[in-house]
Protein chains: 4
Amino acid sequence: MAELTPPDSPHEHLIQSPDPNHPANLICELCRKFYTLGWVTGTGGGTSIRNNDHIFIAPSGVQKELMDPKDMFVMCAQKREYLRKPNFLKPSACTPLFLAAFDRGAGCCIHTHSQWAVLVTLLVERELGPQACFEIEQIEQIKGIPKGRGKSGNLGYYDRLRIPIIENTAHEEDLTDSLEEAMEKYPDAYAILVRRHGIYVWGDNVHKAKTQCESIDYILQLAVEMHKIGLPWTKSRPQRTWFGRFLDGLQRPLIY
Amino acid sequence: MAELTPPDSPHEHLIQSPDPNHPANLICELCRKFYTLGWVTGTGGGTSIRNNDHIFIAPSGVQKELMDPKDMFVMCAQKREYLRKPNFLKPSACTPLFLAAFDRGAGCCIHTHSQWAVLVTLLVERELGPQACFEIEQIEQIKGIPKGRGKSGNLGYYDRLRIPIIENTAHEEDLTDSLEEAMEKYPDAYAILVRRHGIYVWGDNVHKAKTQCESIDYILQLAVEMHKIGLPWTKSRPQRTWFGRFLDGLQRPLIY
Amino acid sequence: MAELTPPDSPHEHLIQSPDPNHPANLICELCRKFYTLGWVTGTGGGTSIRNNDHIFIAPSGVQKELMDPKDMFVMCAQKREYLRKPNFLKPSACTPLFLAAFDRGAGCCIHTHSQWAVLVTLLVERELGPQACFEIEQIEQIKGIPKGRGKSGNLGYYDRLRIPIIENTAHEEDLTDSLEEAMEKYPDAYAILVRRHGIYVWGDNVHKAKTQCESIDYILQLAVEMHKIGLPWTKSRPQRTWFGRFLDGLQRPLIY
Amino acid sequence: MAELTPPDSPHEHLIQSPDPNHPANLICELCRKFYTLGWVTGTGGGTSIRNNDHIFIAPSGVQKELMDPKDMFVMCAQKREYLRKPNFLKPSACTPLFLAAFDRGAGCCIHTHSQWAVLVTLLVERELGPQACFEIEQIEQIKGIPKGRGKSGNLGYYDRLRIPIIENTAHEEDLTDSLEEAMEKYPDAYAILVRRHGIYVWGDNVHKAKTQCESIDYILQLAVEMHKIGLPWTKSRPQRTWFGRFLDGLQRPLIY
């Protein structure tokens, strides 16, 4: 997509580097990996990295596995103004949500359309109600998630992982308010699920955001498979009588 | 398969280009990707690109992940006559269906045997009847599908995605009439499911056809997984009584 | 594994060729692909190609994705004697089964441990009895399978694909008799399932064996998924009363 | 991560080799493969190789698909002291568990967070009780697992594969006692499952550990799929009456 970018821009140096760990190169490499994981199929999802004064953001509506550093938007972290806008490319609608994560100290934010995320939001709504978070405990992979802002170290095996769920909106940018609200209400969360949409995961840096996103997606997939074979996500959940569960089964639409 | 092609043909230049975005190269690259997605296993499926006066079509009966530009058929878009026919290769039986899409302004048409597509056609037939379309709403990925011919922009989150389903026939070319019928009846559709067979997806250009095909396949997979755990595809579906659903469950063959 | 092969053998030329389509190179390339498909995990499965007077066979007990032409066994097609035996490698226990296919005119035979194959053999045993074949009809991918020996062309959409199932034995070579029996009883079959084990698929040449194996594996996977959501494999299956199906459901062990 | 390692260390030669089969290179290559299999997602899992006097161990908390030989820890097999510790990297918490396997003659030990392993530990707990092992028989892939220490050859098709399950602990190193206990109680085991965590698999050498790990993971996945469609893992399991099974079904939480 090189032809879409302004060769004469004064800010080309911002996205030109031979270093594979330069944010512009890293976003392309990460998105190639996310594509194979099914997280950014059909131009869905997005990724943004904050590097000191600069915020690098993948554009909207491009094939994420084919991106080129020339496709990157670059924003000034202070002024929140674009330093570089590729011609003919639209900035990501996720931008305000990425910025909300950066406002809370994140160094990288990843948005995926993982089907496991979508299925879990639907299961939680049906089984626990529209206000409920996704909660799971006593799964080793939980130890891949940090305790929370300002706290050192990661969750323990016996800690409960709690991921808030917000309702989807017609326009992605309109998610910002409820996302920030959830961030305030759950200050320890490093991820927020969006009903019928996907998930936002952020971390202190690229390494943490990517590995936390992998750990959470692993847990979400496991949760769906556990549900399929009737295994509860939390041990504390009060057991119903068998007749109550029998009726629950009937309440659930047998034909989709 | 180079040895299968006529080195002395006057039209070799049509498929020879160093540009990775040349249709002959692009079809090979796309099919390698589609193979890894399970869309074109066992020589199934196909892809065609219209480039101004020329229509490039992958041949029939070849391993789609091993194709070479030399394997491409090239047709004159006006006269609908082959300008280039590789020796020993059969033209795709999908050709008339691809042409039907090009007649309606498509720039690229993709045919897959995705198992999700096949399963959805069977679920819709059993649950909603043989005349029903596949319908789903309030899934973010729906926003990856355009509103329809002549309309600008894509479907919204609250719009309902509606994909018509036609019955399969003994010979693929015999699908043409019902495909065109469905195209007339559902002028906004960019995809048509074929019962027990797969799906045809087209778009204004290669980028759109490929990403729409990915978005639709994502939605079809999600729909099957939603069904497995008893989640409805549409909110408007009238709720049955638990006893009605109980009987529905019994009506469904418990042994396959 | 080069160090395992006799550098001084008079038959090294049989497996040394720059041609990617040379059987010794092709088997390695195919097995790399089969590994990614989960067909030959843990040294399982195998592949053999007949090329005029020579039969090339992948060894036993090696990581199939890491094979080297130097690991190939080569047998004289007439005398059925090894022309080349790599030191320290064991010939495949599948060898007599591959030879049975070659006796019937095959040019290539593939053996996989595909989980879909194993699951289908278990479902058929439970639902239709230990004598039953796997049968399915009206799935487009069936058209990827030839009609049978001496018959021209492939099965049609309305034809029924019938794959015999033989019982597994303690030692793989002991499968030979029942495999040949099944080949006689079902002369049109290009594949035979082995209960709790996997599948043997053969074809007139490498291209056909590989694509037929892909088409059959696609169909076996689809069959398992169809069963999970209560969809019958054949239309002609007599419908039971809902109460009969209700009892069938109870007969099936609910706890694994 | 080269910058994390001490260029002036006297033991750099231990991890520098052009030989792809050198343990330091092999661990990186294996972990790249394990990542694509979903075994070491989110920095989970680990791998260790014993090579005569030296034990090579992948570090903790790194992206396993991106490891570099420079990231390896090297320990003296006798003294159990580190000969090489990369700066800024933490040694794997699995180290004492790897050493327990080496104490019993293993040459390589692999730890994965495979979801199939986690699901099987949960199914066994629910269906057979917290003390039960995972047991399965008459699956061909069982022949990929050795009979046991000091015994020659692999399990047969009619042998029962028995994998002990230990309870998870808050800290991975605290698993050592119960792991060693299980190793004593089941001296023939080459693998031990950890409830809600994953699995440890070891073998006499890298080839055996890797292929045994693949065979076991294949069997664990198959076991979960068998359970989903109501197929028993062992033939000897006493059949319940249909009413008993009916009640069993009700006992199982229908809502997760």
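Note: Cβ is positioned from N, Cα and C throughout, glycine not excepted.
Residues or ranges marked as domain 'Class II aldolase/adducin N-terminal' in TrEMBL: A:25-224.
Annotated substrate binding site per TrEMBL: A:C94, in sequence order. Non-local neighbourhood of A:C94 (substrate binding site): A:G46, A:S48, A:I57, A:H111, A:E172, A:Y200, each in the same chain, at least six residues away, with C-beta under 8 Å from its C-beta.
Here TrEMBL flags A:H111, A:H113, A:H197 as Zn(2+) binding site. Using a 10 Å Cβ-Cβ cutoff, A:H197 (Zn(2+) binding site) registers 27 neighbours.
According to TrEMBL, the active site, proton donor/acceptor annotation covers A:E140. Of all Cβ atoms in the protein chains displayed, 21 besides its own lie within 10 Å of the Cβ of A:E140 (active site, proton donor/acceptor).
In this structure, the C-alpha atom of A:H197 (Zn(2+) binding site) lies 26 angstrom from that of A:E140 (active site, proton donor/acceptor). A:E140 (active site, proton donor/acceptor) sits 24 Å from A:H113 (Zn(2+) binding site), taking the CA atoms of both as reference points. According to its DSSP assignment, A:H111 (Zn(2+) binding site) is in a strand. Cβ contacts within 10 Å of A:H111 (Zn(2+) binding site), excluding its own Cβ and spanning all protein chains shown: 29.
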